[in-house]
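Colleague: So that we are looking at the same thing, I have put the structure below in structure tokens.
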């Protein structure tokens, strides 16, 4: 039997679909799952990146604000110290304020007004440094940066210093200092009021001084007087030399950097008339040495050049409690190294050491260089900070 041929106009029989083609055209379920999962991860990653970026911006602004706060706090701290020893630059009247007083003699040193009083209840001599007029100009610009050092002979260690007044020959001090001395002992004392020209990069120059034998003063009532400055006698103490170093403090990093630059006119320690100097740098806290650094040794010289930097970690909340002590020593290959002199800087040191420290804090991130006169090792110990 043969099948009937299809008649004209009748539809052709349908061919059943090929199952292999169906399998090739369909998308597997695991592919769809992978696509969905990948898309989700991509969206999540994008959102996470945006979130992290915003967080970093916020943290950056916060850290920047904290850094600004640290800088401002340290600057204010430095200004508070400067206010104790060194005011801002003042434009004071440079003409003599006393009628008819003119500085005609080019060798005239100037004059100083002071006051004296004795408090019998507390046993204290009160010395007032009021003002000076017509001081000698020791700077190249025709002016001076005067301050007054006050002490009672024979004790030179207990000194008081006024603030430094910038660029004036007629400073108004208005400061009072107290010396605790029994009244019966005052007759053998001599009051010395020495006027100096402050110089950051060299030794402070003596303008002149006033000496008042206390035996010649009637302290039954307050005394106020003008005295002409006299040429200061040469220091009796042996010169040990000078050292120049810079201080730099970065409050945001809590980093204190001391750069030992150079020394000059050091005391001769060797038989041949020279020395082999090096410098030890100590960081002290509470009067105790907590860190130590030292420079290289410079052979056969009294004017060594170092330019060596040392860094210490000092948190912002500890900067008032630390001091830095620099000791210049003479290296001895066979015997014991002998100290030539020391100098200390810090908030509790006073004098030039406090002045240098205050300038450093008032100018964070900037190195502040200054010359210091070396003191005998037994007299240069810093005062323990509170």
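Just so you know, glycine gets a Cβ as well, placed from its N, Cα and C.
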Colleague: Of the candidates 145, 155, which one does Swiss-Prot list alongside 139, 197, 198, 199 as binding Ca(2+) 1?
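Modeller: So the Ca(2+) 1 site in Swiss-Prot includes 139, 197, 198, 199 plus, from the candidates 145, 155, 145.
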Colleague: For the transmembrane segment entry in Swiss-Prot, name the matching range from 25-45, 46-66.
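Modeller: Spelled out, Swiss-Prot records transmembrane segment over residues 25-45, not the other listed ranges.
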Colleague: How many other Cβ atoms are found within 10 Å of the Cβ atom of residue 276 (Ca(2+) 4 binding site), counting all protein chains shown?
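Modeller: I count 18 other Cβ atoms within 10 Å of it.
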Colleague: Using C-alpha atoms only, work out the spacing between residue 205 (Ca(2+) 2 binding site) and residue 198 (Ca(2+) 1 binding site) and round it to an integer in Å.
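Modeller: Distance (Cα to Cα, whole Å): 7 Å.
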Colleague: Where the distance is taken from Cα to Cα, which of the binding-site residues 145, 270, 276, 330 turns out closest to residue 199 (Ca(2+) 2 binding site)?
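Modeller: The smallest Cα gap between residue 199 (Ca(2+) 2 binding site) and any of the binding-site residues is with 145.
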Colleague: Any idea what the Cα distance is from residue 197 (Ca(2+) 2 binding site) over to residue 270 (Ca(2+) 4 binding site), rounded to a whole Å?
Modeller: 34
Colleague: Summarise the domain 'C2 1' (108-227) as counts of helix, strand and coil residues per DSSP.
Modeller: 9 helix, 65 strand, 46 coil
